[in-house]
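J.: Below you will find the structure I want to go over with you.
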Amino acid sequence: MKVTFEELKGAFYRVLRSRNIAEDTADKCAEMFARTTESGVYSHGVNRFPRFIQQLDNGDIIPDAKPQRVTSLGAIEQWDAQRAIGNLTAKKMMDRAIELASDHGIGLVALRNANHWMRGGSYGWQAAEKGYIGICWTNSIAVMPPWGAKECRIGTNPLIVAIPSTPITMVDMSMSMFSYGMLEVNRLAGRELPVDGGFDDNGQLTKEPGVIEKNRRILPMGYWKGSGLSIVLDMIATLLSNGSSVAEVTQENSDEYGVSQIFIAIEVDKLIDGATRDAKLQRIMDFITTAERADDNVAIRLPGHEFTKLLDDNRRHGITIDDSVWAKIQAL
């Protein structure tokens, strides 16, 4: 089925207000969930909303909490999220990193005691739209086996890097081949994964999303490389925020909350003039996209460039929502 942006935002807002969330908070949170979905990231927008409400109902998320600054060291700040709403807090932290970068050239905010930020790419994009390089990542509960294991001991720990090119170039990737949200998207669509995404119960690589969702043997991207990157991202976020590691979140909490996150903004224009910046970025993009294609029918892709088209299509034709997901939201 298809819905308009306003219909989708209204559905989110209704559910949030039914939980006695303050009007302004409910409006901003509903807006962010709807924008994420409109951008084509269904896995962390509309599909994730029922899970968000479950955590809200369970008390994992404290909707009226106010993030507090703990430490300030010039370009680096440490904050405590107080388990406030994840996407609203993350937006505020990237805004703060941008403010610090305006003063110092670079700004870094380390956040502890946070909740799931939904679409991490929103915050990298937020920085790039203002002309900054945006880098952010989060740890998580243990949902992926480290390389060589079959028991979950590391997080998917998504990493975002956004560049202020035209259009914006952005990598938004979990340390697994696919996020659990994308496994769900493919399962609901009745599709196999395009490449192996995990192991089946016999330890064989599989493209079946439902199997991986059930046994939790998701595959690290790049095998041992994704496993290693997940571990060091967790270590950095834990140390800089003085927050919880994947181990602590997994062993001490009843669900995924109280995670640690990093937000970095770099003001490129303090280092290079705008015309030179744009020319250098365009040369990089042209060099890549003019390579001989392996398949004449498949374009060479630059990361994040597809979001401009997805957003335009959804605004023109309506946002496609899975019927079963929409039914869940209507029932909340």
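Every residue gets a Cβ built from N, Cα and C, even glycine.
Okay, these came from Swiss-Prot:
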ACT_SITE  H44  active site, proton donor
BINDING   I168, T169, M170, V171, D172, M173, S174, W224, K225, G304, H305, E306  NAD(+) binding site
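For each listed feature, how buried is it and what is near it?
T.: Close to H44 (active site, proton donor) in the fold, though at least 6 residues off in sequence, lie T36, M118, R119, G120, S179, G181, each with a CB less than 8 Å from its CB.
If you take the C-beta of K225 (NAD(+) binding site) and look for same-chain residues 6 or more apart in sequence within under 8 angstroms, you find none.
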J.: So, three-state DSSP: helix, strand or coil for I168 (NAD(+) binding site)?
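T.: For I168 (NAD(+) binding site) - judged by DSSP and reduced to three states - the answer is coil.
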J.: Which ones in the same chain are close to D172 (NAD(+) binding site), with CB under 8 Å and 6+ residues apart in sequence?
T.: R119, G120, G121, G124, P158, I160, P303, G304
J.: Tell me the coarse DSSP state (helix, strand, coil) of K225 (NAD(+) binding site).
T.: helix
J.: In the structure shown, with every protein chain counted, which of the binding-site residues I168, M170, S174, H305 has the densest set of Cβ atoms within 10 angstroms of its Cβ?
T.: S174
